[in-house]
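Taken from TrEMBL, the feature active site, charge relay system applies to LYS53, SER148. Annotation comment: TrEMBL describes SER172 as active site, acyl-ester intermediate. Residues annotated as domain 'Amidase' in TrEMBL: 9-123, 139-464.
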Amino acid sequence: CQRCLALIRSTQFLNAYITVAEDSALKQAEESEKRYRRGQPLGELDGIPIAVKDNFNTAGIETTCASNMLKGYISPYNATVVQKLLDRGAVLLGKTNLDEFAMGSGSTDGVFGPVRNPWSYSRQYKEKFVPRSDSEPENSNWVITGGSSGGSAAAVSAFTCFAALGSDTGGSTRNPAAHCGVVGLKPTYGLISRHGLIPLVNSMDVPGILTRCVDDAAVVLGSLAGHDPKDSTTVQDIFQPFALPSLTDVSKLSIGIPKEYHVPGLSSEILAVWSKAADLFKNAGAKVVEVSLPHTHYSIVCYHVLCTAEVASNMARFDGLEYGHRSDMNKSTESMYAATRREGFNDVVRGRILSGNYFLLKQNYEDYFVKAQKVRRLIANDFVKVFGSGIDILLTPTTLSDAVPYMEFIKEDNRTRSTQDDILTQAANMAGLPAVNVPTALSRRGLPIGLQFIGRSFQEKQLLTVAKWFEKQVQFPVIQLEEVKKHDSSVLQHQKSASFS
């Protein structure tokens, strides 16, 4: 725990954490050590330092959603997933940075500033980096983490914690996992409780797990999964935690390659890595089949209609009356509402609320919301048909390219970026299927490339077993971060860095 806290200090410039709970973390670590000495640990996670995305409620620790609306808000209770981790002895180091209210794909839009990808400071990237001009300052070439769980992905990637929780609505755990070279698991919808996760899209949100290897993801999943009486959408069946077997024979496996995932904008590098991975399975004896998910083409548009409609509904609770920010405007209740929401939400959140309310207007409801729900069913049925035809696992890219430099990323607006960056991931959320990003190779620029495996509903064990076999074959390199401690953290003076409470 002390080593992780020291690393959090020396990597403050990454801006991965919003709040660091140093005192309580050390207290938890001491308690864990006493249990360990007595030979009575609470389980596999006892004493393991973890971090949690700042949109999960944590009793006694600020929960901000990286927004002005919730700055200073301290929840009276823990999210179910946080409580389960603490009950098993995990050590909570702090809360990680994100896009405001988890709306974004770069972790660049929160009020505490953007998260920097640890790979920007790796030897692998620095050896390959060529400045575009002599005048380009060295500290402007850092790349984004992806989003919206970028803080959690960066925290795991930089060794400041051993596992982190993210949330995944349209790819928000898998996307930053791909860019930061870590494993990002989005479990089946309903397998893990959403109670205490500040909602974005209730029908798609899933708590995500970020770790450095597939085995660790399975261990964390075992601690979190199962029915929660506080979340009616959780599965009723008893969940049996599992240890992943070491797969030696993949000849009985049938791997599907969806042709619709060969989308415009997919970089030639990612395409080559994807093909190579398919060949890897083929050469090992697995059956590799091209499959079709015909409604994929409509999924991103459908996702944005449903996403903004649910956002509009969920954000109505932030009105300045019960909790969170309240404006000083006191002419009337309506003016106070309007001013509170203008001051508390950034342009991205306000834009999604406006779009969602437009789609939900009486005259538009049938044309947009109802139609999108019908298309969502068609998308889910595509997956049912493919898995029904004997396919075990789908293999797809996770992102269109490796991580882009921050200065390049912010040239486009949030909505355009999200449309591009969620294109390969959000269909799994709409169908409620489990999916995992596995770091696969380094790009020509020395940055991570990940591939996505999508499994059948509630078949996490099979999905992760295949992912573990693949992980072993590709032997993704460890990030070499020798330069991190030397980096001048003064470059972030204009931003709020992690606060040590």
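Just so it is clear, glycine is given a Cβ too, placed from its N, Cα and C backbone atoms.
Just so you know, TrEMBL annotations are computer predictions that nobody has curated.
Distance noted between the C-alpha atoms of LYS53 (active site, charge relay system) and SER148 (active site, charge relay system) is 9 Å.
Between the alpha carbons (Cα) of SER172 (active site, acyl-ester intermediate) and SER148 (active site, charge relay system) lies a span of roughly 5 Å. The number of other Cβ atoms within 10 Å of the Cβ belonging to SER148 (active site, charge relay system), over all protein chains shown, comes to 38. With respect to Cβ neighbours within 10 Å, the active-site residues LYS53, SER172 differ, and LYS53 shows the lowest count.
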